[in-house]
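These notes concern the structure reproduced below.
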Amino acid sequence: MGSKAFYLLAVLSFSALALQAAFVAENEGKPGLVMNFYRDTCPQAEEIIREQVKLLYKRHKNTAFSWLRNIFHDCAVESCDASLLLDSTRRMMSEKEMDRSFGLRNFRYLDSIKEAVERECPGVVSCADILVLSARDGIVEIGGPYIALKTGRRDGRRSRAEMLEQYLPDHNESMSVVLERFKSIGINTPGVVALLGSHSVGRTHCVKLVHRLYPEVDPALNPDHVPHMLKKCYDPIPDPKAVQYVRNDRGTPMKLDNNYYRNILDNKGLLIVDHELSADERTRPYVLKMAKSQDYFFKEFSRAITILSENNPLTGTKGEIRRQCSAVNKLH
Ligand code: HEM
Ligand SMILES: *[C@@H]1O[C@H](CO)[C@@H](O)[C@H](O)[C@H]1NC(C)=O
């Protein structure tokens, strides 16, 4: 090899090393999530998930509501690591069985999304990413915005059942507590107002509503809305196993839209937190703005979902890629 060629080669390999070092340095201390994380390892992953979400939505519209609610219940509790999906074992209680998870549903259909992905790329795509991407694609099915989200989350190995109440506000929590909980994960007031717009779809069971109906009707409720609620929740102490519920948005129950904000301004919000959102002076200005502008709602919603989806993920070599979403992998 001539000395000139040798010199060129040395310079080239040195710059490659330098580039690599710079890349590593840049990613140090960052969450390590990237766009299209599975580009090389499972290029079809995002497409398979999208197809499955669409297919399931055609058969069961409410699957999309579940994927949306999942992103809150998994990501807001310390980390987006699919801990929500773990079943109870002899040693740990499942998050799904706690009171804060009341009404969560359709987990077996999430398993079928995972199975479809596993058929194509076994052991590559995490349940945490499937949970987040199914929420993203579900949002589109119900008329919401498309939100480009990063991937590369890995799955945790333990349930956080015992700390759910520390992170997830109750149905009757004060707005101060609600705002504070979200602030601690980087979501500001308009972000909270937008996220609660998720209550524009789906249902609320009577067990979470009877406090506003019995022994006397909450005077904050719109009297026009009360007969319907009483008809659906005729039992002051509902059987928790009975399927007694009220639709969150009677106007457009299947659409993620800003009708929610008009409902709560009209005192037709079902939960106490929904009502507070329109009554509290810190949140009301944003409620008014979102009631007027679906674009503004979607813009803030997309921003808040992105922050939620990036909350403290396990990346790199932390955690694992669960083979089955409802159980941790067996260690050999
Ligand atoms: C202060 C915060 C929140 C509270 C207290 C709260 C509470 C609740 C409650 C009690 C229900 C009714 C469950 C049932 O009876 O089946 C519900 C439903 C729902 N929540 Fe929330 N939620 C909050 C924030 C969120 C956020 C941030 C999202 C999404 C990003 C969300 C998405 C949903 C959806 C989609 C449903 C309907 C589920 C279905 O029909 O299966 N919620 N929520
Ligand atoms: C909120 O509702 C629960 C029942 O779901 C009740 O036990 C609790 O005392 C209520 N909290 C407040 C602050 O009213």
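Placed from the backbone N, Cα and C atoms, the Cβ positions cover glycine too.
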Message: Of the cysteines Cys233, Cys325, which is paired with Cys127 in the disulfide recorded by TrEMBL?
response: Cys325
Message: Using the alpha carbons only, what distance in Å do you get between Cys206 (disulfide bond) and Glu95 (Ca(2+) 1 binding site) once rounded?
response: 21
Alpha-carbon distance [Cys325 (disulfide bond); Asp257 (Ca(2+) 2 binding site)] in Å: 31
Query: If you measure from the Cα of Pro169 (substrate binding site), which of the recorded positions Cys121, Cys127, Asp249 is the nearest?
result: Asp249
Residues close to Ca(2+) 1 site centre defined by Asp74, Val77, Asp81, Ser83, Glu95, Cβ within 8 Å: His73, Cys75, Glu78, Ser79, Cys80, Ala82, Leu84, Leu85, Gly156, Ser159, Arg160
